[in-house]
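Asks: So that we are looking at the same thing, I have put the structure below in structure tokens.
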Amino acid sequence: METIEELKVHYNWTREDEENLAKVSWIAERYKEEFIEEFYRYLENFSDTSKYLPDEETRSRHKAKVKGWFVALFTSKYDAQYLRRLYRIGETHVRIGLPPHYVQASMNFVRNYIADKITKEMGCSLEANRILSSINKALDINLDVMINSFREEELRLYLASGKYQRLLIENIRRVSWFFDTFIILTLAVVGVFLIFWIVYEIWLVSVGSLPLERGGLSILGSVLVLYAISELLTEEVKHIRGSALSIKVFVGVALAAVIRKVLIISLSPEKVQELITLSLVTLALGVVFWLIYKVESKT
């Protein structure tokens, strides 16, 4: 980890930058309450905010700490003590499992918020530009330290594990990647097969080999399954890129397959018992899908 003096050299931080921040520290004090409200509205963009801020007590503590950091950005002396404070913030993020992307995106919000307030209070002037330049340096230093603490903590945990544990972790990652690739290829093949099957069903209807009513329902069901597979394929690609899998998509695929079966069987009066059973399964899957949707919407 670089020292504060090294960071100052790397970011061309001077005494003038520290003075520029002190000049506008009153802006931080004036807008700190508005800032935290705007910041929390911004956090609603992240789907799993409630995972990291689960209750009102946690949110209150977090608000107080973020407000303190916001004011300290302008008023603190940029020394070793300030560096340690930033590093501890990063360690806390690692401990709760917060993705580094959230920190980087949030810092962009802070940058834009401060720029708006500086422009509002000082207008477009050379002095405002100099102050904004100093603020951007300060934010870059903050972000650098916080993100580096992520990497160092992850590296420490990795090195703390034994040789065989590291070997096992690497092999599991390779196997997981193989499974994900196989699933994507399989879904793609099934999707292509369904497209040909839908075309084939349309051809059967057009030549009269399949009754129009039965063929129409069968085609509709096949399109529904194709759509569900497309959603599942998209979800799996997101998973490979690092996102969490949504159980709702898997339930949706099962629901689409059962609905297709119900549509076809509904034309056969002699299969009433099977139709009732599938209808109950459809209802159960629908309830599960709705419950998952409600839970994911809240988070």
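Along the chain as shown, residues are numbered 1 onward.
Just so you know, glycine gets a Cβ as well, placed from its N, Cα and C.
Pasting the feature list from TrEMBL:
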type	residues	note
DOMAIN	3-154	domain 'Globin-sensor'
TRANSMEM	175-200	transmembrane segment
TRANSMEM	215-233	transmembrane segment
TRANSMEM	245-263	transmembrane segment
TRANSMEM	275-293	transmembrane segment
Asks: Let me spell it out: take the transmembrane segment (245-263), skip the flanking residues so only those 6+ beyond its ends count, and list any with a Cβ under 8 Å from a Cβ in it.
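Replies: Hits for the transmembrane segment (245-263): 217-218, 220-222, 224-225, 227-229, 231-232, 235-236, 239, 275, 278-279, 281-282, 285-286, 288-289, 292-293, 296.
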Asks: Tell me, what is the mean pLDDT of the domain 'Globin-sensor' (3-154)?
Replies: 86
